[in-house]
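Colleague: Feature list, courtesy of Swiss-Prot:
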type: BINDING; residues: 30-37, 148-151, VAL177, 185-188; note: ATP binding site
type: ACT_SITE; residues: HIS37; note: active site, proton donor
type: BINDING; residues: GLN61, GLN154; note: (R)-pantoate binding site
type: BINDING; residues: GLN61; note: beta-alanine binding site
Amino acid sequence: MPMIHHHISDLRAALQPYRAAPRIALVPTMGNLHEGHLELVNIAKQHADIVVVSIFVNPTQFGVGEDFDSYPRTLDEDVAKLATVGADYVFAPSIDEMYPVLPPPTTILAGTITEQLCGKTRPTHFDGVGIVVSKLFNIVQPNVAVFGQKDYQQLAIIKQLVRDLSYSIEIIGAPIVRAADGLALSSRNQYLSESERQIAPILQQELQYLAKQITDKQQPLDVLLTAARERITSAGFIIDYLEIKTAELTAVDDDSVNEHQELVVLVAAGLGRARLLDNQLVTINKSL
């Protein structure tokens with residue numbers, strides 16, 4: 001069973017003996033863990049000797065009217081799940097422990113990368129992600145940290161943060177873990193009704209179809225996107241965004257497609273009470 005710490009000073013003291021030689025991995029989560037989170041721990045164990053999992057529903061990354069109050073808190077169940085995959089420590093701080101003053105006077109702004117995709121409709125979200133991840137990095141001082149690729153934009157922002165703030169931390173992006181029908185695993189999937197859960201896999205199916213169309217290069221990108229948006233909307237989703245970007249999240253058009261080895265199709269869409277995120281990498285065949 002992993003050791004649980006609720007205070008920064010206690011966790012630091014527990015980790016101090018490991019600073020000299022063993023590698024420490026951090027897996028940041030908001031709890032309500034599923035198989036996708038457990039796979040992050042499995043990956044972390046491949047790269048480190050000690051694995052710390054943080055469980056903290058971070059208020060600074062939620063906007064007005066979002067689901068901060070209703071987000072599931074399931075600490076006991078989470079710790080039991082983490083025991084099955086061999087996590088060593090759980091850090092589950094209170095809000096007061098993480099933020100003596102709320103909102104925190106110090107902020108971390110990641111620049112233009114936050115102004116697109118999720119950042120368009122959640123303008124303060126990545127500011128909150130930046131401050132909490134920076135605090136966790138400072139508290140745990142890991143050698144490696146593991147994040148899921150489902151939150152593709154977040155992963156890109158964290159890589160930028162590590163580079164710009166000179167953290168000596170290896171960031172590992174873990175492949176998306178999916179249900180048998182293709183739906184990307186997410187704690188918010190439990191918001192879906194039974195009928196919505198049957199519809200939800202259509203999102204991934206559309207991403208795969210769109211990726212194939214991009215590689216076939218039979219139609220302009222904007223035509224492909226328009227048709228895909230119409231299909232997704234007709235299935236019952238409310239689209240926040242559906243966009244094609246370079247792997248580095250810069251803009252791409254028909255003239256510049258062949259300049260890149262890889263593109264990514266990203267989507268955020270509402271279905272009932274759930275906001276679903278997914279993405280699909282697209283390898284460009286330059287011979288076509």
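The backbone N, Cα and C atoms fix where each Cβ goes, glycine too.
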Colleague: Residues with Cβ closer than 8 Å to the Cβ of GLN149 (ATP binding site), same chain and 6+ apart in sequence?
Modeller: LEU155, GLY173, ALA174, PRO175, ILE176, ASN279
Colleague: Tell me which residues of the chain lie with their Cβ under 8 angstroms from that of LEU33 (ATP binding site), as long as they are six or more apart in sequence?
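Modeller: Long-range Cβ contacts: ILE55, THR74, GLU77, ASP78, LYS81, LEU82, SER187.
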Colleague: Reported as an integer number of Å, what is the Cα distance between GLN154 ((R)-pantoate binding site) and MET30 (ATP binding site)?
Modeller: 14
Colleague: When you rank MET30, GLY36, HIS37, VAL177 by Cα distance to GLN61 ((R)-pantoate binding site), which of the recorded positions ends up on top as the closest?
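Modeller: Ranked by Cα distance from GLN61 ((R)-pantoate binding site), first place goes to MET30.
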Colleague: About how far apart, in whole Å, are the alpha carbons (Cα) of VAL177 (ATP binding site) and HIS37 (active site, proton donor)?
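Modeller: Given the Cα positions, VAL177 (ATP binding site) is 9 Å from HIS37 (active site, proton donor).
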Colleague: Do you know offhand how many angstrom separate the residue listed as 'active site, proton donor' and MET30 (ATP binding site) by C-alpha?
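Modeller: Per the Cα atoms, the residue listed as 'active site, proton donor' and MET30 (ATP binding site) stand 10 Å apart.
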Colleague: Cβ-Cβ under 8 Å from GLY36 (ATP binding site), same chain, 6 or more residues apart: which ones?
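Modeller: Residues satisfying the criterion: GLY148, LYS150, ILE176, VAL177, ALA184, LEU185, SER186.
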Colleague: DSSP three-state call for SER187 (ATP binding site): helix, strand or coil?
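Modeller: DSSP assigns SER187 (ATP binding site) to helix.
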Colleague: Including all protein chains shown, what's the count of other C-beta atoms within 10 A of the C-beta of GLN154 ((R)-pantoate binding site)?
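Modeller: By my count, 22.
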